[in-house]
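Chemist: What TrEMBL shows for this protein is this:
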- 98-314: domain 'ABC transmembrane type-1' (DOMAIN)
- 1-27: region 'Disordered' (REGION)
- 41-59: transmembrane segment (TRANSMEM)
- 102-126: transmembrane segment (TRANSMEM)
- 138-158: transmembrane segment (TRANSMEM)
- 241-261: transmembrane segment (TRANSMEM)
- 293-313: transmembrane segment (TRANSMEM)
Amino acid sequence: MTVNAEDRSGISGVARRNRATPGSPRLKPQPRGVLRALADYKWIILAVIVVLAFVYYPIAVNIGQSFTDHDIFTQETKFVGLKNYRILFADPIFWRAVINNILYAVLSIVGQVFFPLLVASCIESLRSDGWRKFWRALYFVPSATSIPVSGLLFYFIYQPNIGILNRFLDAVGLSDLALPWLGNSSTAIFAIILMSQWQGFGYSTLLLSIAIRRVPQEYFDAAKVDGAGAVRRAFSVTFPLVREMTGFVALFTATMAFQVFTEVQVMTAGGPGNSSHVLGTWLYHQAFEANDFGAATAIGVVIFVLSFGIGVIQQMYARRTRVEY
């Protein structure tokens, strides 16, 4: 094939334009093949490595250790199969802890979903934007307080002799109801749960307030035109359209109820008589007080399975209840 002079001049012109001039930055050659694919997905690969190293690897190690027995004095580890699980499931304190966690979850859903939803509806129904901001901030104050501080605060409130609660009962003539709330095996876990509701109430209220604000105002205006009152609008418009956030808060609250530790450890450390233990505090006791790391890791696996199961339910619920305006 021959190239005429005009074509040669055109080709040479293109070559001159593509030739790097002195001082101009050189274009970095693009990687090809596997290197090009790795360059495109480098941040995804980095994220996967971090998750594998700091999430899944510790979970795998914990599951593996739950089938072993480790002696802290001789530093010997031997495989024992399902022995730790058999001992765990035969332990009455373990089942007491499971029951307490279930109580925690059920009562927390009531205390941090239904009541915050009612309060959020009342706040968002206010006409003044300033008052809405004021009440949101006021309810959020307990959630901004750390759990150890909240636990110590309620520890002194529940004190039998100097606590505010018993003094209030004495002042209104109900001294017969005054109890050592944290020293009574029948009331200790409920006293702790009440503190948790106070501490988490504002966070749930804020989330539900945001969900209510996302509902288009046209829906409320249409309900008013149809003659619906405030209660009717709440049940026909507000609650159905925030069910996605309501479900998220409920399942998130249930997940955290099975991972609770600090509140119980600060206020009772599982007492009196092991009556207020939850899975987290019983794990701590087995690991650092009884030095039974096999039993402790088995409890950790149980907590993981329960939390993972609730997480799966949460994802399924979120897909089925997604609301689009």
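A Cβ is built for glycine as well, from the same backbone N, Cα and C atoms used for every other residue.
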Chemist: Which listed range (41-59, 102-126, 241-261) shows the maximal number of Cβ pairs under 8 Å with respect to the transmembrane segment (293-313)?
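Modeler: Going through each listed stretch, the top one turns out to be 241-261.
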Chemist: Could you pull out which residues elsewhere in the chain have a CB under 8 Å from any CB of the transmembrane segment (41-59), counting only those six or more residues past its ends?
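Modeler: Cβ under 8 Å, 6 or more out: 304.
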